[in-house]
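Annotation source Swiss-Prot lists ATP binding site at 8, 9, 10, 11, 12, 13, 14, 15, citing sequence analysis. Feature annotation from Swiss-Prot assigns [4Fe-4S] cluster binding site to 804, 1129, 1132, 1138; the stated evidence is sequence analysis. Annotation source Swiss-Prot lists domain 'UvrD-like helicase ATP-binding' at 1-296, citing sequence analysis. The annotation domain 'UvrD-like helicase C-terminal' is assigned in Swiss-Prot to 276-582.
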């Protein structure tokens, strides 16, 4: 029973010495008494590798590499103390989640936080810390009393009490039946003296700088029981134990504690074995850095070039620079990948970059960062299936489960079934399928949505076929989930719930499907991905086992079980087999324990990262930990103590390699925000005021794109053809615009063009640079296939063509459309308003009610009845689907009511009366009016169809006048510039149709009176507190003033607003200002001469003709217009299709010139005449 301390700075050969000593013992007596080498988890594989591969051993029999937990298993197997069932990480997390729910009423501080996501993990972390430092519920009870006696803060007392409640409940639940991962330590400490194997054992402990209280108790017991204990510690002087600022303070303090234990237990302490001279370093620079790192005023040495610093423009440029340097080291200097390590923090930022960028350079890597299993299909299926049950079949969890592919038949062609599932998803999104709607058969009646015409149109054969497909894939999903729902509805215990979930997975043949996935990955040569499916299955089974262990006989709801299982699934991670190939090691600075490394890259050397900024102190703050320390209870170090350890962690990283050290840092993050370099960078290279460890080291600036550099400086960026190709493309694009290609880049281009493998890739990547983003005209036979022999069009289609021919092609040729969703769209509200006003007009006609004489009460009743009549057949009953939409329904009724009141007031002062409502025109049999026929070239015709909201007429001096009134759910006016360029043709087309078919309603000759817009809305008014009710109504009426364009005819204008006969000035209802002489003001009114109104009609026909000819000629030009600040791309849904880029000098908007209204009328007059 002896203790020996082996000490020394990094690289002095401590581990090498004990390995050689162990090897000598094994060679001299292979079957002698056991030797145990105890190391941290992350060192176990590398230590075994060192002992066998580097010392010529064929295997280990007498010696075993152990972690403390593996030692516990070994001892307890011998002594019989292993009878307890182990609660592993996910079982422990699930148990804590359950206890937090159960004890919520007992909490004084944690009550609100207990159910929040993440809090379980916080509690788990602290309870494990308590376990490591021997703080059980009895100790915590003493802590409570002590804190109360010294009048500690109330918050700390309340927190301690809540922690006591949780810890006591945890201990009661574990009892003598279960043990958690930390619970082995006290059992091992208790059982160690009964293990015969240990009594003659020799123990080596390596890789630790400090021990927790539990570990120290175990080391104490090892000293008492075993024959010999050697502990390897990295420190220089024993006096460093008394200096918190010392580099090796923690390890020296551990040395002091071990000596104290030996003295207390009467253990012999051998003379310390201290190593003074470094053996690791093949570089004078690195040897100098190690020796002088701790010095406040370091001795400066001229660099020999083995320490380099990269200053990168961002993290991506930083990782690219490292990949290039590794490529250089392996190609030109003979290093192997396994000689190189990347050390970093901020794994969440660097892992995706390292993985993707190193793939581009074909550099194999091994990372010890574990990947979560949360996104594996089996885990996602389990979580989403339970969420479906607890969320009433909401859309999101249903289709998360569907996208796992596990509902599809075992031998299914995945591409086909995924497309079917996508169509089902689109249907459910459009129809608002959730909850009981999954089981309401009428909901699954498929027709392509046609607004309010949905119920009146007959289902086509194509729609029937689509319905059959949707129902088939629906049943594949619905039936297993319904079976799960039925089983869970009668489940009462945790075991019942786990069994129901298992049976769902079993019924879907998930195990067989995972095996098929594994086989496909192996066929692709991805052994790592293949292993993940087997790991996921095994871990999923373990989670269910742990759940049943803990809660099998307990009564619980599905909601509660889902939350507990979710905590378990949240802890699952994929493990990776240690590297056996030649791979670059990627490891975190804090956990890495590495040997035989020649080159190290330390990434992300920024301020706040090295040393780390201690922003979060945990569930117990530093101040609260100090209260614990004050009353004699040790816990894990405070953040300030951890900060003191930062120097040692970086020292260990910097002294890891034997040959070369690279320190790299970005100067900006992904958003361009500036980042400062770490103070350790200054320590190495110094600055203007302070000398660094090494002189002559300059931070090498690396950028993402070498175009920022001189041509010679760009050459190092061309280390791999795959990444160099991207840089060449940037150069070629620049050469297109501004400069010739430099000889270096021309040579690179020649390489790609001549290499058999890269030539095809080069041509494919180079194509977008030389190719103009132009759409070629369609051939005649294609236009006929797309648009048919007989072209039928709407005004909105023609307007889309004039906005951008390619946009027209995507909508009407390719028939692209956005995915429909179950929500109230703006255009749908417009349909509702139109239908409501139509219904009111027809209802007043049926009841023989005059709009002029309608009372407010009648208007309110008619508005309510109109909307209520429409709602059941409107947009799949969306206004009945939720309380929010029912509120919107009431708002819509109010809008119709307000608009009706305004329209009745308009009617009171107007001679114009409606003669047609919702007048449809087109080639169909059910249309009220014939189509507007447009003659095209080659003898073809285009037939225009549409629906006119309202046609009004008035008879003045035996002459009839017609006007168009169009209802809009947003404010609108007629811009003659937009008319001229074909962007706004609707109301003038409607006027043309009405004039052409005027004899349907009116005898004799008819004149155009104008076109007007009514804004259907409920206006917000700015009220004065002194305003009367009549003034408020008058102000509201102003908000309904119609906009548009009228014929310059005083008689027809006065007939629209009789009040203008009594007084001059602005009309309250039409866009006219009447002068005192009884004529309208041209400058303050929206009017044109009658003949010009007729010319506008003819001009609009010409625009239709121009568009029709363009469409049939196959025009698909990517030519979006720009008029003032408006462009065709503003609300275009298909920008990703055309890839129009106005920043590219080759692509430009079709610029339309703005002109005054009278200038536009003059231009039209000239063109028509």
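Cβ coordinates are placed from backbone N, Cα and C, and glycine is handled just like the others.
Proximity of residue 804 ([4Fe-4S] cluster binding site) to non-local residues of its own chain (separation of 6 or more, Cβ distance below 8 Å) is seen for 1117, 1118, 1119, 1120, 1121, 1128, 1129, 1132, given in sequence order.
The [4Fe-4S] cluster site is defined by 804, 1129, 1132, 1138, and by the 8 Å test on Cβ atoms against their centroid, the other residues of the chain that qualify are 803, 806, 807, 1118, 1120, 1128, 1134, 1135, 1140.
Reduced to three states, the DSSP call for residue 8 (ATP binding site) is strand.
For residue 8 (ATP binding site) paired with residue 1138 ([4Fe-4S] cluster binding site), the C-alpha to C-alpha distance reads 67 Å. In three-state terms derived from DSSP, residue 1138 ([4Fe-4S] cluster binding site) belongs to a helical segment. The CA atom of residue 10 (ATP binding site) is located 61 Å away from the CA atom of residue 1138 ([4Fe-4S] cluster binding site). Following the DSSP three-state reduction, the secondary structure of residue 13 (ATP binding site) is coil. Rounded to the nearest whole angstrom, the C-alpha distance between residue 11 (ATP binding site) and residue 1138 ([4Fe-4S] cluster binding site) is 61. Neighbour counts of Cβ atoms within 10 Å were compared across the binding-site residues 8, 11, 13; the minimum falls on 13. Cβ neighbours within 10 Å of residue 1129 ([4Fe-4S] cluster binding site), excluding its own Cβ and spanning all shown chains: 18. Annotation for residue 14 (ATP binding site): spatial neighbours 6, 7, 8, 206, 232, 234, 275, criterion Cβ-Cβ under 8 Å with sequence separation of six or more.
Counting every protein chain shown, the number of other Cβ atoms lying within 10 Å of the Cβ of residue 10 (ATP binding site) is 19.
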